[in-house]
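Undergrad: Quick one: the structure is below, and I'll ask about it shortly.
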Amino acid sequence: MSKRTRTMLLFLIGWLASALITIIWTEYQGIAFRNVYFMIEAIYLLFTAIYYLKADKKIEWLVVITSGVMAVNIGIGLYEINTGLHLSKSGLTDVIGNAQFLPSGIFFNPNDLASFLALFLPITLVYMQSRTIIGSLYKGLLVIGAVYIIIETQSRIAFVLILVILFLLLLRYSWRWGALALLCIPFVLQLPGMQDTINQVNQTYTDKTNSTDLRLDITNYTWQTAKESYFMGVGPGNVQIELAKYFPAEEQNNDGAVSVHNFLLEVLANYGLLSLLFLLAFLFYLFYRSWRYWLENKEKKVKYLIPLLITLAFPFIAFASSTTLEKSYIWISFGIVLAILNQYDKRMETKDETI
């Protein structure tokens, strides 16, 4: 493991340790220990990825498996859109009306499905080898299916994010193809089959005022809770219970809690300012390493852009998802990024030693 990777993991250990301190004064200790378990799991996933993904071949094999998971979710999503039926794990099983036909795949809600596809589609496109026509066709169908499902989830953040990521990848691959894609947009939008999609996108951005207002209220009450604790934190997982005091039962989950929908604010309210500073140190250092990795290799393959794209996507995904801590796919994507950077750092350290 490289020195820089160890530094980033130490920041996460500090994030966990400072969160553990808040258990001393937390009100709901059972919930606190459950929350800490997910913190430990997140760090464990990062360690595991760094330990096992020591070569591009291993990352490619993981990506092949991930592409299969994506294909399954796209298939389930299409079934949900057409039938209104969902897996038992989905939070939409008892929903009626238009929301009944939103896809959630193997996840609890549509936002989580959209976030998963937005994170792993670029990794899959870059790292999955496609030397045959069938392989290229498979990747093309993944792109079409993933973008369509993201549109149908009505996740505004994930929709914008995937469009930006795909455009940047295309632009990096060839600026001519990027320019051609922009020029073709007006013609594609005029196709007969595009009208329903355009209406769906328009509905996504104009008919969710109540959702936006709810998130603003959640943000305000979470900030208020953080201030009332003097930024020392109310304890792991406890801010979600505190928020339930301000919202009716229909806005609460099955555990009687309310999701924050803002991971950084959730960390501040739950674990306190010190824990947030450790997490921010990790994120900023990860961004810096990803940026340097891109700058030092930007004339080479497009894969060198992946760590930077995933790192930049995280704040948006953290806001789109109901909760970030419990979503293992987010931490697996981070683990892949850390594994890529660790490989590069180890090569550079070995090179310096031989000079």
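From the backbone N, Cα and C atoms, a Cβ is placed for every residue, glycine too.
Take a look at what TrEMBL says about it:
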- 36-54: transmembrane segment (TRANSMEM)
- 61-81: transmembrane segment (TRANSMEM)
- 101-121: transmembrane segment (TRANSMEM)
- 133-151: transmembrane segment (TRANSMEM)
- 142-279: domain 'O-antigen ligase-related' (DOMAIN)
- 157-173: transmembrane segment (TRANSMEM)
- 180-198: transmembrane segment (TRANSMEM)
- 268-288: transmembrane segment (TRANSMEM)
- 304-322: transmembrane segment (TRANSMEM)
- 328-344: transmembrane segment (TRANSMEM)
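Neighbours and distances for these, please.
TA: Away from its own ends, the transmembrane segment (133-151) comes close to residues 67, 70-71, 73-74, 77-78, 103, 105, 113-114, 117-118, 121, 124-125, 158-159, 162-163, 166, 197, 200-201, 204 of its chain (Cβ-Cβ under 8 Å, at least six residues beyond either end).
Only residues 6 or more beyond the boundaries of the transmembrane segment (268-288), in the same chain, are considered here, and those with a CB under 8 A from a CB of the stretch are 4, 7-8, 11-12, 14-15, 18-19, 21-22, 35, 222-223, 225-226, 229, 231-239, 242, 260, 308, 311-312, 314, 334, 337-338, 341.
Residues 108-109, 111-112, 114-115, 118-119, 122-123, 126-127, 155-158, 161, 165, 168-169, 172, 259, 261-264, 283, 286-287, 289-291, 293-294, 297-298, 330, 333-334, 336-337, 340-341 of the same chain lie 6 or more positions beyond the ends of the transmembrane segment (304-322) yet place their CB under 8 Å from a CB of it.
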Undergrad: Quick one: find which recorded stretch in 36-54, 61-81, 157-173, 328-344 has the most Cβ pairs under 8 Å with the transmembrane segment (101-121).
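TA: If we count Cβ pairs closer than 8 Å to the transmembrane segment (101-121), 61-81 scores highest.
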